[in-house]
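Engineer: Pasting the relevant annotations from Swiss-Prot:
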ACT_SITE  ASP115  active site
ACT_SITE  ASP133  active site
TRANSMEM  5-25  transmembrane segment
TRANSMEM  62-82  transmembrane segment
TRANSMEM  89-111  transmembrane segment
TRANSMEM  126-146  transmembrane segment
Amino acid sequence: MKSKIVGVIAIVLVFALDQVSKAYAIDWYSQSGATEIFKFCSLVEVWNRGISFGMFGALESSNLIFTYVSLGVILMLFVLFVQSKCNKSTICMGVVIGGALGNLADRLRFGAVYDFVSLHAGEFHWPAFNFADVCVTCGVICFLCLEIMYHAKACVDTSGDPDALSVKKY
């Protein structure tokens, strides 16, 4: 139960930080325009109507389609979140859900996701992203690492405590 509370806190915290960071970036951009923060990092303004890297953004009704897809994914993740018996996985899912909700809020409010961080080196430019994107990516990576470490190695619960998993020796 404690992990569910921590997971819910992660959802709320990630969502809130994402929305605050976007509000700050929108305000900054409206006053200062694109700004170089470091030699390799700039504050920019990109309204992403598609999915990752702006794919399918030109698709007619893309916002409506991706809003429904986002809702479906969030609902599926929430079901997994509620059913999860692994405390660490619950927290990872909370981070992913919080980020997904942040981007969904943009779609509902603006009709697109607001991206504002641009990483670049010379002629190389990574597509713009936001705090929610970072949280979704990190949460998924952490979740996959947990799956590989615990489940792919045939973990067993010896104590009834989801955090006390031990690896089966073959």
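Glycine too: its Cβ is placed from the backbone N, Cα and C atoms.
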Engineer: Please indicate, using numbers and ranges, the residues of the same chain that are 6 or more beyond the transmembrane segment (126-146) and have a C-beta under 8 Å from a C-beta there.
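Structural biologist: Beyond its ends, the transmembrane segment (126-146) has Cβ neighbours at 14, 17-18, 21-22, 25, 44, 46, 48, 52-54, 86, 88-89, 92-96, 98-100, 102-103, 113-120.
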Engineer: Check each residue in the chain of ASP133 (active site) that is at least six apart in sequence and keep those whose C-beta is under 8 Å from its C-beta; list them in sequence order.
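Structural biologist: ASP133 (active site) has long-range Cβ partners GLY99, ASN103, ASP115.
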Engineer: Taking residues 6+ outside the transmembrane segment (5-25), which of them lie with a CB under 8 Å of any CB in it?
Structural biologist: 43, 45, 81, 87, 90-91, 93-95, 97-99, 101-103, 105-106, 114, 116, 130-132, 135
Engineer: Which number gives the other C-beta atoms within 10 angstroms of the C-beta of ASP115 (active site), all protein chains shown included?
Structural biologist: 23
Engineer: Can you tell me the three-state DSSP label for ASP115 (active site)?
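Structural biologist: Where ASP115 (active site) sits, the three-state DSSP reduction gives strand.
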